[in-house]
Amino acid sequence: MIIVAGTIGAGKSTLTEMLAQDLETKPFYENVEDNEVLPLFYSNPEKYTFLLQIFFLNKRFLAIKDAFSHDDNVLDRSIYEDSMLFHLNADLGRVSEVEVKQYEGLLETMLKELEEISPQKKPDLLVYIRVSFETMLARIKKRGREYEQLEQDPELYSYYKELNRRYEEWYEQFDICPKIVIDGDKYDFVADPTCGEQIVQEIKMRAKKMTEEADAQSIRYTTNNPKAKGIFTTE
């Protein structure tokens, strides 16, 4: 199982689709377009943060349970990111202490259940799409979801900036499975299908190699393809 992670607008859904098509397997997407809670959250974060995070937590729990039952599935975000996303909003004062305790208890129960269901299973690889804050804002504007736009709420600027920063921290601390980074600023696979094909092949090659290796030391990976050089780092 491959997990694709990254901040808003990084290109997670696009890469998830590319990988799933190439592997001829099932993609599990983050439910955004049909999420009736998300616009409510953007309109009133203090009121709807807890509801939104519970919604996402439930969806990601069900998705990873399903994904663990088959080989080579690809997840657009995962339950392993939920605590970071929730506590960002908690630190902004959008949830109460009671809600924090309830959320943490529910997440702990879900993670324990995953271990009991599949004690020998972990994700094979985390693919983290790293983008700068400037690129993040540009992608958000380009895809045009009205409730995400800074024009709708200028306070989103500081929220997005902190979200991007915390994703970097989360990635550095992530140790559940092997991980690689894609430079999402330099390699825009959303706009360039050729670049996307190169990235997919490199991910497959790297995933295969990393599952065969016991060595978990930090290394630098450079592809032999000059066009794709420097796309990835492994940490």
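Including glycine, each Cβ sits where the backbone N, Cα and C put it.
In TrEMBL, annotation is done automatically, which means it is predicted and not curated.
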Listed co-binder of substrate (same site as Glu30, Tyr42, Gln53, Arg77, Asp82, source TrEMBL) among Glu116, Glu134, Glu148: Glu148
Alpha-carbon spacing, Lys142 (ATP binding site) to Gln53 (substrate binding site), which is rounded to whole Å: 25
Among Ala10, Ile140, the one of these binding-site residues whose Cβ has the fewest neighbouring Cβ atoms within 10 Å: Ile140
Arg77 (substrate binding site) versus Gly6 (ATP binding site) - Cα distance in angstrom: 8
Ile140 (ATP binding site) as reference: those binding-site residues from Glu30, Tyr42, Asp82, Glu148 with C-alpha within 10 Å of it: Glu148
